[in-house]
Amino acid sequence: MCGIFGVFNYWGDAHEYRPRAIALAKKLRHRGPDHSGCVVKGNSIICHERLTIVGIGSGVQPFLSKDGSLILSVNGEIYNHVELENTLKDRSEFESKSDCEVIFHLYREIGTKVANQLDGMFSWILLDTRGEKQRLIAARDPIGITTLYIGRNSKHPETIFIASELKALDEECDSIEEFPNGHYFDSDTGKFVRYFNPDWWDSERIPTNKADYKLLRQTLVKAVKKRMMAEVPFGVFLSGGLDSSLIASITAREFENRKKIAGGEIVAHNHLKSFSIGLPGAPDLIAAQSVAEFLGTDHMPFTYTVQEGIDAVPDVIHHLETYDVTTIRASTPMYLLSRKVKATGVKMVLSGEGSDEVFGGYLYFHCAPNDADFHSETVKRVQNLHTSDCLRANKATMAWGLEARVPFLDKEFLQVAMNIDPKYKRCGKDAMYTMEKAVIRQAFDVEFPEADFTPEELAEGPFLSHDILWRQKEQFSDGVGYNWIDSLKAWAESRISDEKFAQRATTYPHDTPDTKEAYLYREIFDKIFPNPACLTSVVRWIPRTDWGASSDPSGRAQKVHEKTIA
């Protein structure tokens, strides 16, 4: 991934503004430390901060057409770029090995329909100067795995600013909004257009498809394989929970298969690297070590202290650009881990985000009153991933120039998983299953007959040991150590007085904090981002209290939680 920044239809002299644009783009350089580029065309500017994963020796951005009429800057990865290139090669001349250049050529042929043809995670800005007036086309991936924001200045409303992060916009804009996922923007109409609209997107439509365990498994395996596209060392985040362990298992199998085909070492290292983090003795560290030994990965566990985590919180809020409690709780250890991972030379990791939303894995889902409500909640959680786990996975890693890829949010996999009758997903006392995410566990359980494993799959042995495959959900902010959240609450208690908290509605009339921990994070956020326009993109993650669940986002706060590992 990278950092992109654009100014469209600048009100003054764009060439004079260029140094300022470069300075604003530099605020994104942590996302792309490998190369910087800037193009001025007419009264518009596009800047790019590049992280090289594919097309290392080429693919310098922004891309320019030979005649200079089209300029493109892309943040992301296009997994089906080879297939798309093959459909265009007779009519287009590719000048790099970058997976993103295909957007350029595809746009020439089908215009704004290009976004729906892409399989990947992406946000991009394209400047088309072929007509009488310049045209801006921008797009964001279906789920919002990549981050993107759009802003304006009320004194010059004709000018549009776009950037990968808020921090590049907050000094220039008094109106900022998150670019909606699954949409493209066309300056000719001034409107966002939804291009991603699968049948399952309607939360009121309840699917009736029987669970196809084999298809579910094979589609996830395919999703992992396509995300192993890289020319640099890569690894996996491994918490020891179900989601990251499944991704690690599939990746490890494919890694070994590719190594055999290549005749030995691949992508600069001989064993798949896995990484975990936690407080000393944390449940995740213990479970991750067990999984790593089972899979044979080159495992690197890291620890941090409560004080190190607390010291990092202001930096985490700066990078995450949110004050949401659950996001900050989980992002802090991921932020610390990402720094350690980048120091090993790894530039990309596969991670398990998205599974809990797709399959109703959060423990409050045990309280769902019926199948229909359960399903509707999963759809809404997936629709809002860009405000929580996608934001965390993107910004906590990109703070250190590390790219995270999330197979559970693959378009094809979502089409299968989100169209399963919710009776196969729902958990609880009166549901088909008492364990959350049973359907995906069964799909990878060699002892489950309906999983229908092929002889080739069985020959490779089980994907995971039974205890890990059926380990209860442990939210990342809990699994890194039960003392982590308790310590954050105690820190907030020591920093926010009762008198100050009592005035919270007066101090913060918008989205008033409901706990001292929330108040503290909001206070830090407002110091870093004093522009009120920055508040509009923050959404708080809250369980369904109307189902009888606890309002605390910690999984430990839910009655069904079991301390499975001391």
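Glycine residues also receive a Cβ, built from the backbone N, Cα and C atoms like all the rest.
Quantities reported herein were computed from a predicted structural model and do not represent experimental measurements.
Annotated features, as they stand in TrEMBL:
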type	residues	note
ACT_SITE	C2	active site, for GATase activity
DOMAIN	2-190	domain 'Glutamine amidotransferase type-2'
BINDING	D99	L-glutamine binding site
BINDING	I277, S351, G352	ATP binding site
SITE	E353	site 'Important for beta-aspartyl-AMP intermediate formation'
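Here the features listed in TrEMBL are placed on the structure.
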residue	record	Cβ contacts under 8 Å, 6 or more apart
C2	active site, for GATase activity	R31, G32, H48, E49, R50, L51, Q61, S73, V74, N75, G76, S164
I277	ATP binding site	D284, L285, P301, F302, T303, Y304, P333, M334, L336, L337, K340, V480
S351	ATP binding site	V236, F237, S244, I247, A393, A404, R405, V406
G352	ATP binding site	F237, S239, G241, L242, D243, S244, S245, L246, I247, V406, F408
E353	site 'Important for beta-aspartyl-AMP intermediate formation'	D243, L385, D389, C390, R392, A393, A404, V406, F408, L409
Around the Cβ of D99 (L-glutamine binding site), the count of other Cβ atoms that are within 10 Å: 24
Across the domain 'Glutamine amidotransferase type-2' (2-190), average pLDDT on the 0 to 100 scale: 92
